[in-house]
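What Swiss-Prot records for this protein:
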ACT_SITE  Tyr64  active site, proton donor
BINDING   His132  substrate binding site
BINDING   Ser211, Pro212, Leu213, Gly214, Arg215, Gly216, Phe217, Leu218, Gly219, Leu220, Pro221  NADP(+) binding site
Amino acid sequence: MAEEACQVRRMKLGSQGLEVSAQGLGCMGLSDFYGAPTPETNAVALLRHAINAGVTFLDTSDIYGPETNELLLGKALKDGLRDKVELATKFGITASEDGKFGFRGDPEYVRIACEASLKRLGVTCIDLYYQHRIDTTLPIEITIGELKKLVEEGKIKYIGLSEASASTIRRAHAVHPITAVQIEWSLWSRDVEEDIIPTCRELGIGIVAYSPLGRGFLGLPRFQQENLENNKILYEKVQAMATKKSCTPAQLALAWVHHQGDDVCPIPGTSKIQNLNQNIGALSVKLTPEEMVELEAIAQPDFVKGERYDNNMVTYKDSETPPLSSWKAR
């Protein structure tokens, strides 16, 4: 099995000057969505272990918890650690008491959300601020216009989008350069390769791959009985190839993402230091062009059965916004 010993290299994310660790850490699971929250002492220890190991690109959101994940990072980054990390958080998803999600990108909300995140994180500036999901009730230009003001005011350094369509990315980028687009990309989720990845590369936008270990493969619709048997075959083939490579299936899947290009930064999440070390070990797994072809033949985009999410969460396929002309006409 590949070990942690390899050094975590640095990479340029996007074209605006942001430099991050080549592998980031998705922090959501420490507070939300995957069972009970990790005890604070353990979570802080994991975050600090990651930073000391060279994984300095930390990803959170105001909806994780909600809010408690940002508070956790704020505690972990005390004692001078803030300057050692690249801190990314997100806004734009709201949650009602009955668990239904809403989406807001109006200027007033953008500003309020940013100020609240700054306070919870205990920082004066957010390195990378994403719109977590697109508000389709108003033109994307309106949201990005307010984010641009926050950049000019020094409250955020760089702007990102999450789960945005190619056309939405283009429209946003025309208002202010987008540094990164966060999207689910893994052996189990490859639909973004058709349109979104080429668009990002054309515009010089960095790609942040969330759930690079196939979160959606092991849960939600893809784990339902009607899809399970088909998807199990895929996993077994990956497992067999991992055995040949003397690594774990997770390391092989993560290595595949790392081999997609120098503009791609995966952000796997974990609550255990042992798993974090194994994820770092994926950086030392080298795949030949022939092995990449073999892996991609195993994981054809149309082979995985089931949607990534249930009907309570939207993706880039639901992110088209009204034209700016319609907003001006109001």
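Note: Cβ is positioned from N, Cα and C throughout, glycine not excepted.
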Ser211 (NADP(+) binding site): tally of other CB atoms within 10 A of its CB: 23
Length of the line joining the Cα atoms of Ser211 (NADP(+) binding site) and the residue listed as 'substrate binding site', in Å: 15
Between Tyr64 (active site, proton donor) and His132 (substrate binding site): CA-CA distance (Å): 11
DSSP three-state assignment (helix, strand or coil) for Leu213 (NADP(+) binding site): coil
Around the Cβ of Leu213 (NADP(+) binding site), the count of other Cβ atoms that are within 10 Å: 24
Pairwise Cα distance for Tyr64 (active site, proton donor)/Leu213 (NADP(+) binding site) [Å, integer]: 19
Residue with minimal Cβ packing [other Cβ atoms within 10 Å] among the recorded positions Tyr64, His132: His132
